[in-house]
Amino acid sequence: QKDVGETKNTSLDTVVTDFILLGLPHPPSLRTLLFLVFVNIYVLTQLGNLLVLLAVWADPKLHARPMYILLAVLSFLDMWLSSVIVPRVFLNFTPTSKAIPFGGCVAQLYFFHFLGSTQCFLYTLMAYDRYLAICQPLRYPVLMNGRLCTILVAGAWVAGSIHGSIQATLTFRLPYCGPNRVDYFFCDIPAVLRLACADTTINELVTFVDIGVVAASCFMLILLSYANIVHAILKIRTADGRRRAFSTCGSHLTVVTVYYVPCIFIYLRPGSKSPLDGAVAVFYTVVTPFLNPLIYTLRNQEVKSALKRITAGRGAASENK
């Protein structure tokens, strides 16, 4: 039985108007369970990141500090990224059509790479912020103030948008004449390029170089920042001071590792097709946005205190009524 919108004719005169996302391979008996798992992950991701945004926005002490401005931007990005990918994932476990319009596929690929590369730049800014706070504590208010932080974040958004535009333009400038079955759970470069009716060598090379340069540069800058941070931490005399510094850095390094390692596996192997690709991609598209509030922000005592103050304030207001 042929899926709606499927094109089997490979003539260059035929133009694909939509794609069929085959989704994650799974046993039919687990379809309902997986649907519930991904729905819950999506809801919890949105709620967790929304709580972080509310805490930073409502507490004057937090939204005046660059560290928490960056955390709020990260939460906003995670909410967007999750919304671009996860609803399409759990819909694939339902009887609804698996088709996505051609324009929808373009938009999904663009926003995924826009938001993903912006996160790369943001993780680098967060590492730089921690480097200044720990290694240059006396000069930190001058070197990283609210205005500079805002400019750096704006630059990360612009650079991410440019990166996403380049990748989407290069991918969809190629002709697609069938078949249109994307063996993946969302429209991403490696899976979509396999369906192109033209030579994709240049695209694969540009993808490898572009994403490789962005990811490798950000990752090396993060490692350089943390090498200096560890060196500075080891000079701290008190055990409690070292423990607190390592706790902050450890959370960030955990998030960076969960994000970067799968990205390297997926994109820095041109032309490869591994059955593990889908499972690995779930980590940085679904799991990382879900874990960020838990690993990186909600473990932060100041954020938890801000949430308690918000809750207590609303409770007092309800009692006064």
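Each residue, glycine too, has its Cβ placed from N, Cα and C.
For 33-56, 68-90, 110-128, 148-166, 211-234, 246-268, 280-298, the entry in TrEMBL reads transmembrane segment. Per TrEMBL, the feature domain 'G-protein coupled receptors family 1 profile' maps to 48-296.
Contact check: the transmembrane segment (246-268) against the transmembrane segment (33-56) gives fewer than three Cβ pairs closer than 8 Å, residues 6 or more apart, which falls short of the contact criterion. Residues of the same chain lying 6 or more positions beyond the ends of the transmembrane segment (110-128) and with a Cβ under 8 Å from any Cβ of it are 67, 70-71, 73-74, 77, 80-81, 84-85, 144, 149, 152-153, 155-157, 159-161, 163-165, 167-168, 186-189, 214-215, 218, 221-222, 225-226, 252, 255-256, 259, 263, 284-285. Residues 24, 38, 41, 44-45, 48-49, 51-52, 71, 74-75, 78-79, 81-82, 85-86, 89, 112, 116, 184-186, 188, 251-252, 254-255, 258-259, 262-263, 265-266, 304 of the same chain lie 6+ residues outside the transmembrane segment (280-298) yet bring a C-beta within less than 8 angstroms of a C-beta in it.
Between the transmembrane segment (33-56) and the listed ranges 68-90, 148-166, 211-234, the one holding the most Cβ pairs under 8 Å is 68-90.
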